[in-house]
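> One structure follows; several queries about it will come next.
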Amino acid sequence: MAADISESSGADCNGDPRNSAKLDADYPLRVLYCGVCSLPTEYCEYMPDVAKCRQWLEKNFPNEFAKLTVENSPKQEAGISEGQGTAGEEEEKKKQKRGGRGQIKQKKKTVPQKVTIAKIPRAKKKYVTRVCGLATFEIDLKEAQRFFAQKFSCGASVTGEDEIIIQGDFTDDIIDVIQEKWPEVVDDSIEDLGEVKK
């Protein structure tokens, strides 16, 4: 009678099925890791570059790829039969699932590479110099801000997404200083706007 009870359930003595071992699995388990994302192949679908992972799996392990596509096909058929169609699938791809890194955004270089320098009046006879566009040349704005503050012995701060404000009128010297420090910024790409109101 006791033997019947122990054989009938795969659970432990407390009745917890989580601690029971899989009966059809051979131990130690052999796990197949993806060559693209270095995770087990079951987790590739949660990575942002799923297409690359699937291509790698199809090329190197076609048997596993066939198993994976067979497992995923009932889910896709159920979604289409409910009337969602391809619009629902695209909407699902846009939303980030819980966990994971989300989609990796590609940098777009549509902004022209141009540095603009302007002198802005502050109070009475005081001015600040505004430098915009250094980020289009892949220049770290924090590093540039520290460099300007040290070079001109004044206060400098990063105020906008691509804007550095230097306390003082340095429009004459700053063009030469920028070209000395960052040679990739050529003379044609620097524009002096002169005195501009805030």
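Think of each number as a place in line: the chain as shown, counted from 1.
Each Cβ is built from the backbone N, Cα and C atoms, and glycine gets one as well.
Swiss-Prot lists these features:
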| type | residues | note |
| --- | --- | --- |
| COMPBIAS | 1-11 | compositional bias 'Polar residues' |
| REGION | 1-20 | region 'Disordered' |
| MOD_RES | Ala2 | N-acetylalanine |
| MOD_RES | Ser20 | phosphoserine |
| REGION | 72-110 | region 'Disordered' |
| MOD_RES | Ser73 | phosphoserine |
| MOD_RES | Thr86 | phosphothreonine |
| COMPBIAS | 95-110 | compositional bias 'Basic residues' |
| DOMAIN | 115-182 | domain 'SUI1' |
| MOD_RES | Ser189 | phosphoserine |
> For Ser189 (phosphoserine), just count the other CB atoms lying within 10 A of its CB, please.
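For Ser189 (phosphoserine), the count of other Cβ atoms within 10 Å is 16.
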> Could you give me three numbers for the domain 'SUI1' (115-182), the DSSP helix, strand and coil residue counts?
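Breakdown, helix to coil: 27 helix, 23 strand, 18 coil.
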